[in-house]
């Protein structure tokens, strides 16, 4: 695209000269930003310390010295690292009245006592500094935001300057979110340094649960057999024990997605109002429910894959051959058990239906799908179908265990089977939900969530909600 041929057309059809944007910095981000600006109809001029050596810039852009480039544009993107800001102080007169957009980030948190944007504002006091585009990568600019983050976070002290940056962001196809004054720049600069902040708690829960269940099953199955019977069945660690841990972790984590919602309902009943804050731990728990659910689905997928390989395992084929040969030698017949047939068919059916709904929950949690649903549809899938999924998966586990909990031989070293541990949290969640959906309780919860408050209830500030008088003189 040639900058000389680009023209902007307003609503009246009149042609006017395209706006010029200056970019200090010819690195990956500066080149990607310039190309995107050119594609959006802007005229782009680069400021470089060595204009003659800048050969990889987008076609249609201009390159000149920093001082000359600053004179051609009102908005200047500073796409250089903080360590190289020194040259800007010598351009203070050229940058007077300009809007400087700081796009820089640091290598680690707390590296400097003040944010890069605030430091830039001190270096060039005559310019207006806006922090923006630091959470957008060069790849997002090149791909058009279709496969990356489309949100540009902006902060600054001048509303007019921020609006100019918002207009540029929107013209590039991004959405802009105002995060306040320039004092918020430090927070914005820390965002790209965070590594899956919402996934830390769910990942820690998943790792701890997996380790606990795995070593619990290892003790009951492998170590117990070695100590009591002298059998070495350590080979079962790879498939059998893993296939015990994965479904248990999946079911427990699915339950943990719905437990905070049930607890929140009982807290609202206890407080008699929805205007009282939940405890911080419950807030944090509720914020990571999506991540808990996706990890639970991942463990469910692992359980399905591990189950599919069971028929081709050497150990399984060996046991089948030995059993078949023993029947032939003893001239015995394997009698058909109608109860066992019902049990196994029901067990597989519950598992298939539960996993199918589980996958549906995961699909609807994707932004591209959830954005196409209205609130009622989203709640129906994630809440009502979610509880049905939990019920089916719990029934699947009950059918797996059947009557083993009644047999003393199942309690090795007084340790119950691992599947029994997985039923504790789901049963608690289902019982709490059953209480909440009973008509008398559901009516009160619905009224509270619609704004009703119990009379005479103590509010968070220690005043009576009916009279608004302090309870303690």
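A Cβ is built for glycine as well, from the same backbone N, Cα and C atoms used for every other residue.
Computed from a predicted structure; not experimentally measured.
Annotated features in TrEMBL:
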DOMAIN    20-106  domain 'Pyrroline-5-carboxylate reductase catalytic N-terminal'
DOMAIN    248-393  domain 'Ferric oxidoreductase'
TRANSMEM  201-219  transmembrane segment
TRANSMEM  248-271  transmembrane segment
TRANSMEM  292-316  transmembrane segment
TRANSMEM  347-366  transmembrane segment
TRANSMEM  378-399  transmembrane segment
TRANSMEM  419-441  transmembrane segment
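Confidence in the domain 'Ferric oxidoreductase' (248-393), given as mean pLDDT, stands at 93.
Within its own chain, the transmembrane segment (347-366) has Cβ neighbours under 8 Å at 254, 290, 293-294, 296-297, 300, 304, 373, 378, 381-382, 385-386, 388-389, 392-393, 395-396, 399-400, counting only residues six or more beyond its boundaries. Counted with DSSP, the domain 'Ferric oxidoreductase' (248-393) comes out as 122 helix, 0 strand, 24 coil. The stretches the transmembrane segment (201-219) and the transmembrane segment (292-316) are in mutual contact, each linked to the other by at least three Cβ pairs under 8 Å (pairs 6 or more apart in sequence). Same-chain residues lying 6 or more positions outside the transmembrane segment (419-441) and placing a CB less than 8 Å from one of its CB atoms are 213, 216, 244, 247-248, 251-252, 254-256, 258-259, 262-263, 265-266, 269, 387, 390-391, 393-394, 397-398, 400-401, 405.
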